[in-house]
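Notes follow once the structure below has been shown.
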Amino acid sequence: MKSENTVVGLIGEMLNPVSEITGPKANAGLKLKSENAVVGSIGEMLNPVSEITGPKANAGLKLKSENAVVGPNANGDGDGVRDLGNGSSVVYFPRFLSYEKSWEYFHYLDKHIPWTRPTIYVFGKPFVQPRDVCYIASKGLKELIYSGHKPDAHSWDDYPPLKEILEEVHKAFPGSHFNSLLINRYNSGNDYVGWHADDEKLYGPNPEIASISFGCERDFFLKTKSQGEVVREPPSKRAKKNKVEKHCFKLKHGSLLLMRGNTQRDWLHSVPKRAKAESARINLTFRRVMQMSSRRLLL
Ligand SMILES: O=C(O)CCC(=O)C(=O)O
């Protein structure tokens, strides 16, 4: 949520702009359970083991057999990989978890998670986050701090269903090792998350974020960062980014959306306000905090 303490975050949280959406492009990006070759930017860095093989062209984790993956349809409703270009891509599974199980998880989380609605600081000004949140993390990880707020890290052990869901995500993306989780609860269409990228340094250079949704269906937007917001890219490439590109996914109950490659570097995402969204939605974003030691990155 780095951008919550930037202009992007400020505008995103307060004005929550959303405009036109472009349709999907050709496939590319993260792969799923059915992919034969297991590759992963993070996986490769931290697990240089022999079974990790495959082309480097697709930045990011892959699924176990990408043969089964079909491109998403125009509404972003289908299973598949959406190539955002320049090494960024998104994988979306509308029915990752069953309908019934997803409601079980929803009710469990709604009741048992110690929700808070913290005050964050935008340009030094206090601002109440427009949704309920909770942070879960493995022991010993570097602390997460965003917008002047340091969330308490709760233990996975206190929430067995979260460990169960994490296991399903790891099965779908072999080579993934998520170790932390930000949970959001949007009580109504008034709750939202503004434009931001999850590009905090503690997630490393190409963070892979797996996002699971329960309850009310909401729109999830992606748009290219403006020139000034795109880092680590030569000016020749930045010049081409004048035109803002947008993508939209309708995040269904039980769905999984994975952002991989350069997505956090080059794109912003948001879940805008929606007057018609009358019921609650709970969202889990699994992340991996990288630990640096003097010799190598640790799990
Ligand atoms: O609710 C969502 O789908 C997105 C949440 C998100 O962007 C975040 O937690 O950083």
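Cβ atoms are placed via backbone N, Cα and C, with glycine included.
Keep in mind that TrEMBL annotations are predicted by a computer and have not been checked by a curator.
Database features, via TrEMBL:
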{"type": "BINDING", "residues": "Phe123, Gly124, Lys125, Asp199", "note": "substrate binding site"}
{"type": "BINDING", "residues": "Asn184, Tyr186, His196, His269, Arg281, Thr285, Arg287", "note": "2-oxoglutarate binding site"}
{"type": "DOMAIN", "residues": "177-290", "note": "domain 'Fe2OG dioxygenase'"}
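Feature map: annotations from TrEMBL on the structure.
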residue	record	Cβ contacts under 8 Å, 6 or more apart
Gly124	substrate binding site	none
Lys125	substrate binding site	none
Asn184	2-oxoglutarate binding site	Arg131, Asp132, Val133, Val193, Ile282, Asn283, Thr285
His269	2-oxoglutarate binding site	Trp195, His196, Ala197, Phe220, Phe221, Leu222, Lys223, Met259
Arg281	2-oxoglutarate binding site	Arg185, Tyr186, Ser213, Phe214, Gly215, Cys216, Glu217, Arg218, Leu251
Arg287	2-oxoglutarate binding site	Phe178, Asn179, Ser180, Leu181, Leu182, Asp198, Tyr203, Pro207, Ile209
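Helix, strand and coil counts from DSSP across the domain 'Fe2OG dioxygenase' (177-290) read 18 helix, 50 strand, 46 coil. Under DSSP, Gly124 (substrate binding site) is assigned to coil, being neither helix nor strand in the three-state scheme. On the 0 to 100 pLDDT scale, the domain 'Fe2OG dioxygenase' (177-290) averages 91 in this prediction. Checking the binding-site residues Lys125, Tyr186, Arg281, Arg287 for a CB within less than 6 Å of any atom of ligand 1 leaves no residue at all. Across Asn184, Tyr186, His196, His269, Arg281, Thr285, Arg287, which the record gives as binding 2-oxoglutarate, the greatest C-alpha separation is 20 Å.
Every protein chain shown contributes to the tally, and the Cβ of Tyr186 (2-oxoglutarate binding site) ends up with 25 other Cβ atoms within 10 Å.
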